[in-house]
There are 2 protein chains.
Amino acid sequence: MRTLNVALGARAYPIHIGGSLLDRPELILPHLKTRRVVIVTNDVVGPLYLERLQSGLKALDVGVGTVVLPDGECHKDWQTLNLIFDALLGDRCERSTTLIALGGGVVGDMGGFAAACYQRGMPFIQVPTTLLAQVDSSVGGKTAINHPLGKNMIGAFYQPRLVLADTSVLNTLPPRELAAGLAEVIKYGLIRDPEFLEWLEINLDRLLEREPEALAFAIERSCSNKAEVVAADETEQGERALLNLGHTFGHAIEAGLGYGVCLHGEAVAIGTMMAAELSLRLGWLSATELARIESLFRRAGLPVTGPKLGVERYLDLMSHDKKVEAGRLRLVLLRGLGKAVIHADSPAADLAAAIEARCA
Amino acid sequence: MRTLNVALGARAYPIHIGGSLLDRPELILPHLKTRRVVIVTNDVVGPLYLERLQSGLKALDVGVGTVVLPDGECHKDWQTLNLIFDALLGDRCERSTTLIALGGGVVGDMGGFAAACYQRGMPFIQVPTTLLAQVDSSVGGKTAINHPLGKNMIGAFYQPRLVLADTSVLNTLPPRELAAGLAEVIKYGLIRDPEFLEWLEINLDRLLEREPEALAFAIERSCSNKAEVVAADETEQGERALLNLGHTFGHAIEAGLGYGVCLHGEAVAIGTMMAAELSLRLGWLSATELARIESLFRRAGLPVTGPKLGVERYLDLMSHDKKVEAGRLRLVLLRGLGKAVIHADSPAADLAAAIEARCA
Ligand SMILES: NC(=O)c1ccc[n+]([C@@H]2O[C@H](COP(=O)([O-])OP(=O)(O)OC[C@H]3O[C@@H](n4cnc5c(N)ncnc54)[C@H](O)[C@@H]3O)[C@@H](O)[C@H]2O)c1
Ligand SMILES: NC(=O)c1ccc[n+]([C@@H]2O[C@H](COP(=O)([O-])OP(=O)(O)OC[C@H]3O[C@@H](n4cnc5c(N)ncnc54)[C@H](O)[C@@H]3O)[C@@H](O)[C@H]2O)c1
Ligand SMILES: [Zn+2]
Ligand SMILES: [Zn+2]
């Protein structure tokens with residue numbers, strides 16, 4: 001088992017990474033405030049893993065309640081969040097009860113937001129079960145639900161007390177979901193870790209084969225990159241924005257197609273290609289470097305060109321992005337492989353050309 | 001104008017107290033992040049004061065959106081909270097837009113919670129218009145909405161950037177609401193400020209006549225008491241619990257009667273009498289001291305005896321209180337006038353007798 005510490009002062013917490021951690025509830029015990037937990041999961045992950053986690057905790061004399069939500073991004077809303085509150089209040093949970101989120105990013109985001117709000121904050125533990133959740137959404141304390149007018153618009157910054165990333169549960173993950181997680185893994189290499197990027201170019205196939213050691217390394221390295229950025233900028237005022245490489249374009253694609261058509265990681269891969277294209281036009285990235293990014297995404301099974309929504313529509317959708325400040329579009333671009341920068345006011349013609357180049 | 005500083009480190013903020021502050025938008029301007037605000041109010045306060053605040057800000061070149069919620073504690077729920085989110089997103093508010101809550105504690109709690117959650121946190125300013133909101137709910141950063149199974153169960157700790165307490169708006173406040181606010185004012189004297197308690201005994205009639213200078217003094221002194229407690233214990237782990245004098249009993253009364261029958265401040269007055277009765281039985285308070293508390297509440301127009309719900313029902317309702325930890329009922333009691341303490345495990349017979357003594 002690998003353990004990484006997220007340095008957030010009084011809110012510091014460990015991430016344990018390794019095989020079969022679901023069967024080691026003793027890792028969870030020291031992080032509970034009282035011997036009482038509620039596990040929040042969904043109707044896809046629940047049947048696979050809930051019983052194991054639950055019985056392990058019960059054997060340690062922990063009282064365990066459960067809430068099983070309907071699966072899917074389309075349920076990341078008020079109505080579903082209220083199912084958690086209904087259960088917590090119905091069970092008379094105290095604010096010292098710990099909420100454990102068992103599932104992908106959707107369950108983690110909703111469980112975390114519910115924990116942040118329940119009696120103004122109850123202890124929270126993440127057991128992420130998708131690669132994306134293990135390398136991204138479970139680290140950093142962002143929680144949220146969607147609003148009909150925007151994704152992740154209602155939420156909180158709320159840190160877990162522990163993240164348990166069990167690499168074995170990734171064996172049941174559909175290949176497309178694995179690939180989507182790899183998009184975020186590759187992102188860390190691109191924005192700030194050129195050495196990791198090279199490791200990925202060499203070891204990508206091992207990840208696709210779900211080799212436990214390779215997965216554990218990639219997850220640890222990803223989390224450590226994210227944790228460093230988050231520790232430096234917990235509430236997203238500056239550096240943390242670099243984590244959004246490809247995301248402003250990506251969100252436009254997700255919104256333009258209607259949520260659910262394209263996975264988030266897929267949209268990020270395409271968006272990253274658009275950001276790379278723009279960086280190329282600004283003279284910051286060479287054609288060879290751009291080709292290396294493209295090849296890595298392709299090998300991972302990710303798309304590298306976006307839907308033909310039309311440049312105008314892209315720009316309009318991008319202007320709705322949360323990262324827009326006082327009307328200015330700030331984009332994360334690449335100054336070479338392994339170095340991201342924030343750039344406001346890219347020339348409109350270059351931006352349009354970059355989008356166009358990736359809508360084939 | 002009096003100004004009080006709430007010392008919360010990076011989240012420190014001022015409270016301005018005085019007459020006609022609504023007409024001084026220049027006090028608000030330095031606390032905005034951008035020249036854009038959304039004022040949240042309700043359909044009772046809005047017609048009285050919205051236009052004044054709005055036009056003043058507009059004259060300073062601030063863009064002003066408005067959201068008018070239905071009035072009443074019964075609307076302190078998800079549905080109404082969503083009206084705020086709908087408006088913020090419909091207007092494409094950025095997370096740098098400032099939300100101003102103009103109203104009593106209900107508007108303040110909902111506006112504050114909306115600000116805490118919108119894009120995971122937008123700047124927030126309180127313009128409290130009831131005495132209770134000016135001396136209590138606008139200070140301390142607690143925000144929340146109700147759930148069908150419990151009051152204030154879903155919320156956040158979220159500090160405003162500024163509180164503007166305009167004493168003139170209290171002139172339109174119904175007398176019963178003024179009295180309810182006085183219950184919390186008297187509470188500060190009882191828990192930690194014997195000198196203020198004496199001042200109140202002497203000056204209560206000036207407050208009932210809404211004399212501006214007396215009001216401003218009482219509001220400042222109340223806020224400064226609350227701010228000191230909150231600064232020492234922002235997230236309510238210890239000392240802050242003292243602010244709940246009378247509240248565990250009071251919440252039982254509110255819940256037992258059905259919300260809305262009895263005002264919160266009225267329930268607090270009755271609950272404080274029950275806490276005083278119990279303190280008397282424990283030998284901590286003299287009969288004379290108890291009589292002084294009762295007389296002050298009576299003069300303020302507050303009830304001093306509760307509904308006959310039956311002792312069993314009281315105890316059951318009290319066991320649901322948020323302050324219950326691991327099943328133990330912790331009560332705030334008085335060790336003399338001006339000194340509150342937290343006490344767990346009061347003898348059951350004394351507790352029952354104290355409740356009984358105040359259900360006449
Ligand atoms: N909080 C953050 O910082 C952050 C960062 C990135 C993404 N997110 C959010 O995360 C969400 C996406 O997360 P996701 O990609 O994990 O999606 P997801 O949670 O929807 O999971 C994808 C699918 O895989 C299923 N699944 C999960 N684990 C499984 C397993 N072990 N075996 C088989 N099936 C499994 C899920 O039930 C779901 O059907 C989005 O809502 C996004 O906004 C949040
Ligand atoms: N956040 C906290 O720390 C905290 C502390 C105490 C109470 N609270 C909450 O505050 C709420 C109670 O607040 P409240 O007593 O202000 O109730 P309220 O907000 O319902 O106001 C009482 C009534 O007076 C009206 N009103 C407000 N200002 C007025 C004015 N100037 N003139 C005429 N009418 C006016 C309101 O519209 C309402 O009808 C409860 O929901 C309680 O949970 C919160
Ligand atoms: Zn992402
Ligand atoms: Zn109160």
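Using N, Cα and C of the backbone, Cβ positions are placed for all residues, glycine too.
Matching A:Glu184, A:Glu195, A:Glu198 to the Zn(2+) binding residues that TrEMBL gives (A:His247, A:His264) identifies A:Glu184. Taking the C-alpha atom of A:His264 (Zn(2+) binding site) as reference, the shortest distance to any of the binding-site residues A:Asp71, A:Glu73, A:Val107, A:Asp109 belongs to A:Glu73.
Long-range Cβ proximity for A:Lys151 (NAD(+) binding site), meaning a same-chain Cβ under 8 A and a gap of 6 or more residues, is found for A:His251, A:Glu254, A:Ala255, A:Tyr259. Every protein chain considered, the tally of other Cβ atoms within 10 Å of the Cβ of A:Asp71 (NAD(+) binding site) stands at 17. Considering other CB atoms within 10 Å as the measure, the emptiest surroundings among the binding-site residues A:Glu73, A:Asp109, A:Glu184 are those of A:Glu73. Minimal Cβ crowding within 10 Å, among the binding-site residues A:His75, A:Gly105, A:Val107, A:Thr130, A:His264, is found at A:His75. Among the binding-site residues A:Asp71, A:Glu73, A:His75, A:Val107, A:Thr130, A:Lys151, no residue has its Cβ under 6 Å from any atom of ligand 3.
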